[in-house]
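Novice: Let me begin by handing over the structure; questions about it come next.
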Amino acid sequence: MNFHEYQSKQLLAEYGIPVPAGKVAATPDEAVEVANSLGNGPWMVKAQIHAGGRGKAGGVKFCKTTDDVKAAAAKMLGTKMSTYQTAGVELPINLVLVTTAGEIVKELYLSILVDRGTKTITYIASSEGGVEIEQVAAETPELIHALNVDFVEGVQGYHGRDFGFKLGLNAKQAGQFASIMVNLYKLFNEKDLALVEINPLAILDDGNLYALDGKFDSDDNAAFRQKQLVAMRDKTQEDETEVTASELDINYVTMDGNIGCMVNGAGLAMATMDVIKLNGGEPANFLDVGGGANKQRVIEAFKLILSSDKVEGIFVNIFGGIVRCDMIAEGIIAAVKEVGVKVPVVVRLEGTNVEEGKQLLRDSGMAIIPADNINDGAKKVVEAVKNAA
């Protein structure tokens, strides 16, 4: 789950990490009220969407007067914005964040994440903040510093001070940096986060460090014990079909192709998409219907797939281990009838009660195309889509 900047800053502040004073507003007049409550300007007005790159897209404005604040908020609120991170998708701007604006002396980068390669929690820091860290890594990798945290020792103050001196900070600032690192480690663990990125972590004209922007990503598997984070979810920033799928507890990800996939098991689902690609097709989605699939679940999965008007064919690839193939077949037949499927449907069944499942499909009288294996199914669905075009 992703978070808005204002939500990230709220969490950072709760854990003692300095952030500029600010508050969100839903209307231009509210934005002016917030600005006045923060004292004399200048201020920053920032569009709240689940994406970076807002500045280049016109979503971050420096304002010297409250008239500027009102104009900036009016221009953003109620509109949609796309950035280089949204892949052309426009996200609605329902809120703006109004903050104080100090003069930036230096921009740094700091993040904490789970490094699967080293199997540790890892800090990444750089003296080059305010830009994409991938760009820094590619052009000046010597400016990137990493720390793999020992699970027994945890992160200590001396780790932060050492990092701070590597980034060119003075003794006072290195001490602040150490405090931020220690508090960030506590936040990361207590909130079951997968990533926290502060970019930039800036030195302002008062000589102190502030988190000017924050990007969070949480571990959805821990949502059951993170009620505060779940309450922060903004479904307006998410793909509508993916939101519906999450409410049905179906693992679904929208993609750009035209061949819908319904599979049980994440590994088999990824393999299915790969084989479709190898046969010249383009998957329209990742959909893991799960090991506990039943007839109604299969119907809902078909509805999810067909909610996209880009889908021109469907490949159902089921390995019946926990789930029974005959039950899946019943769900497919019911779904085709209920949903009114008008695109080619290719079905590959294997495993428990496979013969019963295949017989049900044959007896249904429906134009369901059987497949013997995953490659055969991928070839047939790609061919069926081409022939139907």
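Cβ from N, Cα, C; glycine included.
These came from Swiss-Prot, pasted as-is:
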| type | residues | note |
| --- | --- | --- |
| BINDING | Lys46, Gly53, Arg54, Gly55, Gly102, Glu107 | ATP binding site |
| BINDING | Asn199, Asp213 | Mg(2+) binding site |
| BINDING | Asn264, Gly321, Ile322, Val323 | substrate binding site |
| DOMAIN | 9-244 | domain 'ATP-grasp' |
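Describe each of these features in terms of where it is and what it packs against.
Specialist: All protein chains included, Gly53 (ATP binding site) registers 16 other Cβ atoms within 10 Å of its own Cβ.
Under the DSSP three-state reduction, Asp213 (Mg(2+) binding site) is assigned to coil, being neither helix nor strand. The Cβ neighbour count for Asp213 (Mg(2+) binding site), using a 10 Å radius and every protein chain shown, is 22.
In the shown protein chains, 24 other C-beta atoms lie within 10 A of the C-beta of Val323 (substrate binding site).
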Novice: On the 0 to 100 pLDDT scale, where does the domain 'ATP-grasp' (9-244) sit on average?
Specialist: 94
Novice: Out of Asn199, Asn264, which of the binding-site residues is least crowded by other Cβ atoms within 10 Å?
Specialist: Asn199
Novice: If you count the other Cβ atoms within 10 Å of each Cβ, which of the binding-site residues Gly55, Gly102, Gly321 comes out on top?
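Specialist: Selected residue: Gly102.
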